[in-house]
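These features come from TrEMBL:
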type	residues	note
BINDING	B:His124, B:His413	heme b 1; low-spin binding site
BINDING	B:His273, B:His323, B:His324	Cu cation binding site
BINDING	B:His411	heme b 2; high-spin binding site
DOMAIN	B:51-548	domain 'Cytochrome oxidase subunit I profile'
TRANSMEM	B:12-34	transmembrane segment
TRANSMEM	B:40-61	transmembrane segment
TRANSMEM	B:82-104	transmembrane segment
TRANSMEM	B:124-145	transmembrane segment
TRANSMEM	B:157-180	transmembrane segment
TRANSMEM	B:192-214	transmembrane segment
TRANSMEM	B:270-292	transmembrane segment
TRANSMEM	B:301-320	transmembrane segment
TRANSMEM	B:340-363	transmembrane segment
TRANSMEM	B:375-396	transmembrane segment
TRANSMEM	B:416-436	transmembrane segment
TRANSMEM	B:500-522	transmembrane segment
Amino acid sequence: MAVRERDPHSGHMTTGHDWDGIKELNTPVPRAVWFFLSLAALFSVGYWILMPAWPLGRTYTKGLLGIDQKSQVAKHLDVSATQKANWASRIAKLDVPQIRADAALMAVVREDGHRLFGDNCAACHGMKATGGNGFPNLVDADWLWGGDPQTVAHTIEVGVNSGMEGSRVNQMLAFGRDGILDNDAILAVTAYVQSLSVPSSAKGQAAQVNAGRAIFAANCEVCHGPTGRGNQAIGVPNLTDTHWIYGGDAPSIYTSIYGGRQGVMPAWGQRLSAVDRKILTAYVLDLGTKQ
Amino acid sequence: MVSNLTVGERQGALAILIVLTLCGLVMAAAAAGHGDPMEMHGYLVMLFSLGVMAILLRGFLAPPPSEARLASYYDDPIKVGIIIAMIWAVFGMIIGDWVAWLLAYPDATFDAAWASFGRMRPAHTSGVIFGFGGNALIATSFHVMQRTSRARLPDQLSPWFVLLGYNLFCLIGISGYFMGVTQSKEYAEPEWYADIWLVVVWVAYFILYMRTLARRKEPHIYVANWYYLAFILVVAILHIVNNLAVPVSFAGAKSYSLFAGVQDAMTQWWYGHNAVAFFLTAGFLGMMYYYLPKRAQRPIYSYRMSIVGFWGITFFYMWAGSHHLHYTALPEWVQTLGMTFSLMLLVPSWIAAANALLTLNGAWDRVRDDATLRFMMMAAVFYGLSTFEGSFMAIRPVNALSHYTDWTIAHVHAGVLGWVSLIVFGSFYALIPWLWKRERMYSPTLVEVHFWLALSGTLVYVFSMWNSGIIQGLMWRTYNDSGTLTYSFLDSVVAMHPYYVARAIGGLLFLSGTLVGCYNMWRTIRWSSAISAAAPDELAPPELLPAE
């Protein structure tokens, strides 16, 4: 039944098999196949001789080159540590104003700070440190806890409401949800607070604003101060400027008063080295200066 | 369709469906009350069984089929399999393109757990690999094994059990992802009860294949069958080993793998890579070895290359899985073996690709004129390209750049869009007119349109992911002079945006092609006016009648 025939196109013989009309030529395997198969096998054998390759019970063939990935990583880390050593030790010794005065160190701060900020801070504060709803802008002139180098460094180290020991702690009460103020009172105080920052908003609602002023004095002044300028010592925002963390329009102010606020920033003291935190401090202050 | 089952087979089917309904009832009852997603799966199993039962009962009392049916091949499950495969293709590709847009515009979704990337992504991968690819493999394997063995399927119940049982597995798996049910093993996400069910189905598939081969009237077993058989056998082994797990409770979906730590990772990627090898490669090579020479009307270029290619692929692939774990906690000697075997694997892979392309010698004019054959030719080209790329990426220093980047995504899609999907579409376009006894596809122009949409979609997709992958890899490893990394991770995310948009457009092109294909296939099937005389290959030779 197996009828071998010659394929007119290729000139090769068929195997004589026929499956539902499909035939096969008996073409020999091209030499190149054996060549490349041998080449790949030879390369592999060579690689096995030089590198860790075959298991031997509880151990394995280590390879003539004596290379393994763990020692390679250790070597790379050593090289990188040497490269960093000369500037890292200087940053460790100097304080932030001194670092900011040193052009060579600031070049490192701008490079490495960009990466550190991007990997650790940008998720909340944004790639350009301009913040977003619920997250403070770090490049404007307004600081919640203070913008001198030591204060910024301390905030980075301990965080805000982070749960770490020594964390900065701050909470605004939920005046509406907890029943301290009723709806009318919140509306009044909202109008007053908005007028602190945008005086023109008081037009046409003088009664509301005046009522709000009294409620503010009784409930808000203790933290935000008699003029509403806040208090950096306890992380209380200034209500008279135009920088708002949670929004400065009436609905946003209402929401903040109704539900309170307790923003969280993680503590970086355990996650980033002292040098990295110092770089971030200098980097953030530098960003603010540039803008 | 039920009328083609014998009375005994109808009773058997009813018994299986009753048992399955009860299984669903037990699952739902066991998991009810504590909010476990297995409860929903119990209802799904019941609903599925009752639905199939309704179809069965409608034809239950039809007169038994005539003996004359045994003189021809049994093609009903193949037809249904093709239609199901195309439905899964549309589902899987829509989800895929949606998540592609989501990567470019992360807010473009609903604020709902089921619509999160982490749940939709496995729905995409399982939808296209298991839903589309798996059904295409099952359907074509039923076709190829009958033709090349010159034997009718041994009975009419088991192919339905395999096809519908397999789709029940797909439904349980994919609906589970949306509910948050997963083993967290890539391409093996479904939980323990779905896995057990697939074992039952898959063993039935294996037995069916062996029984058909045992009934063959040809002295030799055709190469396509070697590949299909390797696909069925090895996938069974992979599936069972990688899914060994202990359920937390028989009344709940959650289970814990038997493996832990680096052994778990190694088992997973031994599975994962051989799923690529034996699901996405071997099975589709089987498809290619039948439909390509059939359509080209040319003999296979070299029987000897078929043999060398087959054994090379089956032997070398088994070792290659560890190349997914370069530079990890996996001992380096395992990585060495994975890398070197991946390199040697290139040779048999290219033998298979070359054997396909050289088979077209003498038929290149047909490749030019016939988009169906061009689909298969292009598939062989992409098979060669992506196997070269795979071996290249398995080299450790190359992998140091490519790993965890979009380059991997480019590679996978060169394989699944360029190779797997194109060979399936080519095979379907060849097969559908044969099965439904049409002279040709309803619109050869639309086949042509589909070809160009699929090819351009694949190229746009793959090139954008090559770019983004290599840029990612370079950005992650660029150091500045002070010895620190130059870019933050977010910098690399921002840099990906244009490529993610391009990728989503590429996916949209490919999806549009698939929709065009579905329309054309549907019109061909419904094209009653053009029924032609049965094609010669449809007529079973007289000796097909059972010897008894």
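Cβ coordinates come from backbone N, Cα and C, glycine included.
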### Query
With the transmembrane segment (B:301-320) as the reference, which stretch in B:124-145, B:157-180, B:270-292, B:340-363, B:500-522 has the largest tally of C-beta pairs below 8 Å?
B:340-363
#### Entry: Long-range neighbours of the transmembrane segment (B:157-180), counting only residues six or more past its ends (CB under 8 A)
5, 9, 12-13, 16, 37, 40-41, 44-45, 48, 52, 74, 77, 80-81, 84, 88, 113-114, 119-120, 122-123, 126-127, 130-131, 134-135, 138-139, 142, 189-191, 193-194, 197-198, 200-201, 204-205, 207-208, 253
### Message
Just to verify a number: CA distance, B:His411 (heme b 2; high-spin binding site) to B:His324 (Cu cation binding site), in angstrom, no decimals.
### Response
13
### Long-range environment of the transmembrane segment (B:500-522) - Cβ separation under 8 angstroms, sequence gap at least 6
82, 86, 89-90, 93-94, 96-97, 100-101, 103-104, 417, 421, 425, 428-429, 432, 441-443, 446-447, 449-454, 456-465, 468
### Query
Is the count of Cβ pairs under 8 Å between the transmembrane segment (B:270-292) and the transmembrane segment (B:375-396), pairs 6 or more apart in sequence, 3 or more?
yes
### Query
Out of B:His124, B:His273, B:His323, B:His411, which has the highest number of nearby Cβ atoms, where nearby means within 10 Å of its Cβ, if these are the binding-site residues?
B:His323
### Message
Can you give me the residues near the recorded Cu cation site, meaning same chain, not B:His273, B:His323, B:His324 themselves, Cβ no more than 8 Å from the center of the site's Cβ atoms?
### Response
B:Trp269, B:Gly272, B:Ala320, B:Gly321, B:Ser322, B:Leu325, B:Gly338, B:Ser342, B:Ala394
## Note on the structure
Taking only the CA atoms, the spacing between B:His273 (Cu cation binding site) and B:His413 (heme b 1; low-spin binding site), expressed in whole angstrom, is 15
### Message
My understanding is the cutoff is Cβ-Cβ under 8 Å with a sequence separation of 6 or more in the same chain; which residues meet that for B:His413 (heme b 1; low-spin binding site)?
### Response
B:Thr458, B:Tyr461, B:Val462, B:Met465
### Query
Measuring Cα to Cα, how many angstrom lie between B:His323 (Cu cation binding site) and B:His124 (heme b 1; low-spin binding site)?
24
#### Entry: Mean predicted confidence [pLDDT] for the domain 'Cytochrome oxidase subunit I profile' (B:51-548)
94
### Nearest-integer angstrom distance between the alpha carbons (Cα) of B:His124 (heme b 1; low-spin binding site) and B:His324 (Cu cation binding site)
21
